[in-house]
Amino acid sequence: MDTSRKIIHIDMDAFYASVEQRDHPEFRGKPLIIGGDPNKRGVVATCSYEARKFGVHSAMPTRQAAKLCPNGIFIHGNMAHYVEVSNQIREIFSRYTDIIEPLSLDEAYLDVTENKKGMKSATMVARDIQQTIYHELGLTASAGVSFNKFIAKIASDFKKPAGMTVVAPEEAEAFLEQIPVTKFYGVGKVTAEKLHRLGIETGADLKKWSEWDLIRELHKHGYHLYRHVRGRSNNIVNPHRDRKSVGKETTFEFNVLDSRILEQSLMQFAKKVEARLIKLQKHGKTVVLKLRYSDFTTITKRLTLNEYTNDANQIYQAAALLLRESYTGQDSIRLIGLTVTNLKPVYFENLRLEGL
């Protein structure tokens, strides 16, 4: 395991909302929700920390957000402007290193093992970046510093907003043991529920399980979690990383015959894919359905749409059509997945912030 790398994960704090509050003094200190008209079928893209106190969060239906936060200020947002500010932030990153892996408009990994400023400490680099972003752009960022991407990302969320958490190699396992497994990158709702049923709530609980037992219960997630909780992750910061697809899949606890359950899963996946596409500022043209039967036979079907989309309704309708064409209901399903491929950036087009 390589512990010599110096990796920083920078995550802007409530990015879209913070830009709006910076630019519009009347929004400061108030619960601001980016996501459009709460009287229509929309989804929250992000919200200010004032709104989060009421339980509002990203990917939540705007109608639900309005019930939780009746005095919230709802706006559609200005995606073109957020792209512009994101580019300004990345320009600041480039003053320190060229090894930058953007994850979305508001977060990125930086490898500062050899940095342009000649700073020996990654902590100093991270603090300098935070201060530069604040002084030049009037925005706050949180930072995680460690020797690999997995730990750095978890650490950046540890002391939000405007915080920084540093995890040295000798501290990694103790740090990860105290973290709820729901905070582990890559652990979604379905995996979290499985872990909960197994009595695994923290990294310490996870560490008690053998590699074989985790793989048996969680398949590939178990393989990765066994390594992650021990600080083993050597994925490099990849400046040329370009996501080719966005998808979601789940393995059912019990094999499923009922097509209605499969359709419900596809609807949930479509919502999550929409939220991720919005965050990545991309839309796609091809919808892919994946089915794995109880005998482990796996099929994939795809449908190319007439136009690019990041709309959950359109994604779901395409996936449901593929399901009706592919599934007869005679054999039970072990796994179902939905992926949108053939992606391209939205950038200055009118990115849809309203979904389901």
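Glycine is treated like the rest: Cβ placed from N, Cα and C.
It should be emphasised that the depicted structure is a prediction, and the values quoted were computed from it without experimental measurement.
According to Swiss-Prot, the features are:
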type	residues	note
DOMAIN	7-188	domain 'UmuC'
BINDING	D11, D106	Mg(2+) binding site
SITE	Y16	site 'Substrate discrimination'
ACT_SITE	E107	active site
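In the three-state DSSP assignment, the secondary structure recorded for Y16 (site 'Substrate discrimination') is helix.
The separation of D11 (Mg(2+) binding site) from E107 (active site), Cα to Cα, is 4 Å. Other Cβ atoms within 10 Å of the Cβ of the residue listed as 'active site' number 20 in total over all chains. Sequence-distant neighbours of D11 (Mg(2+) binding site) (same chain, six or more apart, CB under 8 Å from its CB) are D106, E107, A141, S142, A143, G144, K153, S156, D157, K160, listed in sequence order.
When Cβ neighbours within 10 Å are tallied across all protein chains shown, the highest count among the recorded positions Y16, D106 belongs to Y16.
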